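The structure under discussion appears below in the form of structure tokens.
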Amino acid sequence: MIGNAGLRGHAGEEHGTPYSLPSSHRQGLVIVAVLSGLSLVTSTLALLYLTFKLTRWHIRTGRAPKAPSDNVPEAPFIKDAFSIRDPAKLRQKSQVNQFVVLILNLLLADIHQAAAFLINAIWARYNIIDVDSPACFAQGWLVSTGDLASSCIIAAIAFHTYLAVVWNYKPPQWAVYSTMVGLWVFDYALAIIGPAITSNGRDYGGFYVRAAAWCWMNIHYETYRLVFHYLFIFICFALTSVLYILIFFYIRRRPSPAGNNHGGHHKAFLLYPVIYVICTAPLALGRILTMAGVKVPISYFYAAGALIASNGWLDALLWGVTRQRLLFGSEVDSEDTGLDTFAFMRTPKNRKYGNIVWVEGGAGSGSEMVGRVVPSWGMAPRTKQGEMGNPSEEFEFQRQLP
């Protein structure tokens, strides 16, 4: 039962005698709760939006038109210029974009994490951390599952991006789904093993108790903290950082086509590991120092908690801005996964407006097609040499017959 009696816990990180939270502790809890609330709202809204897009897409693909009759003649120009796909085959082959699947799972992990730190609002409201309450167990369990799931899925996104950008390889759909299911099973299994083996920490007053600033694993189970949690988080740190650094150097050395010099845009790839490490590493480091016997001030944990509680809204902002073409601008079955899906890679540094789109006939077909497309915001089209075309020409094709 939560009341205003004080703070209960165990020795070391967990205090054994009831006392009221100092004002500085309460202020720290409030800050962490506010940031986690922002993360919970933004992550939930983004998740609901993508879920709506997925639902709408499933409804549309379920109502795909039947295949046209084979007796219908096909115009020579259309046959020569474009490949018309059978709608029935299109319905069978259409698949959800793999990055959408990955980001949906990341948002779900961020919701776990944000919900965990939002429970700090209860401790601040009643001026107590009650280790015997269901809220304490829920917070410890959500911290364990949310932190680990977020790290693992971010590492999976880094690996998927590395395959798409460096190797131009798109994994099969089943591999992406299986990986996500496997990561969640792995995450939940590690969260269950500790309480199950220790009978919910029966020997030390609970498995999830007050750990410095909020509820988490009992300090007496430091081996579980390391083996079932931080070992994998640090592996994800290293893997994510290495993969994005490899992508960075690959793009830096990659020769750019004429008129498409990306300039310093490739540096933006370093934002992903930097933001992830800055938000997650301080808390992990603080826990490791505590396990090593170093006395870490409580203010450090509140600052680290504020950073990790910001994971949700920062992920929504970062991925929403840098890959809005996939998340907000196209259908969920878009096949794009490579460089063009990154906003900071699409417009060359030396060009002020938009992108160039060229359409050409197939090799050896004896025909050539040159197209100019006006950007969606109404800017005049560019010709192949880069000069501005006539703004009134929304779309122009030229075709040279053999």
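Quick reminder: no glycine exception, Cβ is built from N, Cα and C everywhere.
Copied from TrEMBL, the annotated features are:
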- 1-20: region 'Disordered' (REGION)
- 381-402: region 'Disordered' (REGION)
- 28-50: transmembrane segment (TRANSMEM)
- 99-123: transmembrane segment (TRANSMEM)
- 148-167: transmembrane segment (TRANSMEM)
- 174-197: transmembrane segment (TRANSMEM)
- 227-250: transmembrane segment (TRANSMEM)
- 270-294: transmembrane segment (TRANSMEM)
- 300-321: transmembrane segment (TRANSMEM)
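Here the transmembrane segment (174-197) touches the transmembrane segment (99-123). Their Cβ atoms form 3 or more pairs under 8 Å, with each pair 6 or more residues apart.
Tertiary proximity for the transmembrane segment (99-123) is limited to same-chain residues at least six positions away from its ends with a CB under 8 Å from its CB atoms, namely 2, 21, 29-30, 32-33, 35-37, 39-40, 43-44, 46-47, 50-51, 53-54, 129, 135, 138-139, 142-143, 145-147, 149-150, 153-154, 156-157, 160, 176-177, 180, 183-184, 213-215, 305, 308-309, 311-312, 315-316, 319, 323, 326-327, 332, 337, 341. The stretches the transmembrane segment (28-50) and the transmembrane segment (270-294) do not meet in space: the count of Cβ pairs below 8 angstroms, excluding pairs fewer than 6 apart in sequence, stays at fewer than three. Within the chain carrying the transmembrane segment (227-250), a Cβ under 8 angstroms from the stretch's Cβ atoms is held by residues 144, 147-148, 151-152, 154-155, 158-159, 161-162, 165-166, 190-191, 193-194, 217, 266-267, 269-270, 272-273, 276-277, 280-281, 284, 287-288, all 6 or more beyond its ends.
Here the transmembrane segment (148-167) has long-range neighbours at 98-99, 102-103, 105-106, 108-110, 112-113, 176, 179-180, 183-184, 186-187, 190-191, 229, 232-233, 235-237, 239-240, 243-244, 246-247, 250-251, 272-273, 276, 280, 311, 337-339, meaning same-chain residues at least 6 beyond its ends whose C-beta is under 8 angstroms from one of its own.
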